[in-house]
Structures are given as structure tokens and as C-alpha cells.
Amino acid sequence: MDRLSPEQLNPSIYVGLRLSSLQAGAKEAHYLHSLKLSYQQSLLSNDNSDSEAKPSMGQLALYLLALRANCEFVGGRKGDRLVSQLKRFLEDEKGAIGHNHQGHPHTSYYQYGLGILALCVHQKRVHGSVVGKLLYAVEHEQHLQQGHFPVDTLAMAGLAFSCLKLSNLNPSQRNRITVALGRVQEKILKAQTLEGHFGNVYSTPLALQLLMASLRPTVELGTACLKAKAALLASLQHKAFQNPLMISQLLPILNQKSYVDLISPDCEAPRVLLEPATETPSQTQVPEFIHVTLKVSSIFPSYRHSVSVPVSSSLEDVLKKAQEHSRFRYGTQASLSGPYLTSVMGKKAGEREFWQLLRAPDTPLLQGIADYRPRDGEAIELRLVGW
């Protein structure tokens, strides 16, 4: 088999597949082998000159989840270095939040919770002061509210709390963890929309993972989960899930699993072998084109330009075409959920700023530039906003 490039490797995909009812046979083992080669080489090398090539805290946490999904505990010299690196990440984030809780993580509370969860499923104790920052953030929700209701962030925090409670790794904080977990579940249930989603369609899988892992199921919780599952199945019919990271969070739900199950994964459970997708040959035809207007108002002078691209093009395709044929310029950074904008027309997003994607006049897009497919006649605005 060909060796996979770092851009093709996403530990979340492996975790989602292992927690699903599906398996990919030899390709699955090859994917894990490629993950190990890539992450161990980049993390354990002594060369600090290319720090951007090293995995982030969230990527390292997902890699540890992937190892646990294969029923492996990190150990030995290499494993200890991985654990120490993730703990250093968390300590740095704790320092950024500050003693008085007035600061913010360099990354996000989502990645902070993910880091705690990854260490927990490997039975690695996290210092109480690190857990305490996440507890305080949930107890004082203004720390988590960044312009929208952060259901996925709350869900990840809740999954971390669920693991800590089940593993009893921080017994002195057990009561506080229990109360915070109940608060998270309550907030997520209140965020359910009329359609059944928790927050939006893309935050629902992670929210469902948390609610399904509840140690105290109720009639209200069961009813809400059934409604959310029905909404997700309807979204699947409309092909709403195209992003690999989102799909990987959805797969465990379809198998009644969650990331908390990685405490004691069942690696002997039977799984159905995936069959390679086959494409039916279609007659060659001239592609249809759509026209999309691209706007940038956060700069001077402002930018507005109409771009013609083939039907089913992504917003990223629109940006590339605009860059080829006008003064438009943009920059991106790779992430596990795909590329995201870091600069537009030479203006970089500063600390606590980001380039928001909107369908004119003011509808925020729920997908990134690689996943969103504009329609003919749409106007897309790129707006620099603070949070």
C-alpha cells in the first residue's frame, strides 16, 4: 500500500471507525501504522526548528484516543514522552487562563477538554488545578460563550467529566465534577432546536455522545436523544455530512457508542467489512457554471467581485478562482476539520479574532471553506470579527 501523507492522516477518522459497526480490514491497520509513523516522528524528534509541523494539542489528544481505540495503553519511553507533551500543553493553557480565570486558552476550551479526555482514557491522572480550570469555565459559562452557544465545547467538556467520574482519577473533585456534568447536560438539552438538533446539525453528534453516555438516563433525556437521532438521519439523507471530522463524530452514535467507551474498548466486537465504493460511469458533458459574489468589507478599500465556477464547487474553489483573476488574496492553515482562513487581502486575524464566513447579508455558514457549496447567485462575505 502507498504511504499516506500527513495531510491524509486524521486520528479522528480512525477513532470513529473503531467505535462504529464497520471495519476497513487491512487498510485500517495500514492507516494506524501510518498514524504512528507520522506522529511519533514529528513529536519525538529533537529538531525544534519546524515547530509548525508538530501536532497541536488537539491533534496529539486525538492520536492518543486512536491508540486507545486499538486497545493500546501508552507506555514505555516513547509513550511517556507523548503523555508528558500533552500534559505540558495543558499546563501552558492553564497558565494562559490565569490564576484569576480572566485569561483564555491559546487554543480553545474544546481542545482543553479533549486533552483531559485523552489522558483519562489512558488512566493518566491530570493535576487537579488543570481540571479545575475546565470546571470553573463550565460553572461560569461566560468563559465558554464566544458569540454563540458552544454545544460542541460543552459536549467535549462533559465527555471529559464523564471519563473522570467513571475512572475516579480525581476523587477530591468528584462531587464538583458530578455537578458540572449535570450542568453541561442541562445546557445541551436546552439548546435543542425544533428540528431536533443540539445547537446545529454539526454539534449534535458530539452532544449525543455525551447524553448517551449519561450514568443517570431520564425519560426527558431519552426523548431528546431519539428526536436528535431522527434529525441526524434526515440530515444524512440530504448529504449534510461531508467533512471527515464530522463523520467521525457521527459514526459512534450510529453504533450506540461514545468516546467514553474508550476507557474499556471492545476490540473483539464483530464489525462489518466496508466494501469499496463503485462509481457508475456517466456520459461526458460540459459542466454547468454558477456565479458567486465574493465580498470583503473588513478592509479598505473594500472588495467585491463576481466569480464563475462549475456547479458543486466549494467555497475554497471560489476563493482560488478569485485569487487567479482579481486582486483577491487569502491564506489558510490546515486543521483536522479542514483548511480555515487565517488572512484575507493581507490582513491576518489577530489574537481572539477570526475570519467569519457569511451568506449575505448576515447568515453565518456552519461549514468551512472546503465543505460549503455555494449556490448560483449567492453572495459570500468574509468578515473579520472578534470573540
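Here the Cβ of each residue, glycine as well, is placed from N, Cα and C on the backbone.
Predicted automatically and left uncurated, TrEMBL annotations should be read as such.
According to TrEMBL, the feature cyanocob(III)alamin binding site maps to 107-111, Asp152, Asn200, Gln249, 340-341, 355-357, Leu365, Trp387. With a cut-off of 8 Å between CB atoms and residues at least 6 apart in sequence, the same chain places Thr332, Gln333, Phe354, Gly368, Ile369 near Tyr340 (cyanocob(III)alamin binding site), listed in sequence order.
For Cys120 (disulfide bond), other Cβ atoms within 10 Å of its Cβ number 28. Look at TrEMBL and you will find Cys120-Cys163 tagged as disulfide bond.
Of all the recorded positions given, namely Cys163, Leu357, the one with the smallest number of surrounding CB atoms inside 10 A is Leu357. Cα to Cα, Leu357 (cyanocob(III)alamin binding site) and Cys163 (disulfide bond) are separated by 35 Å.
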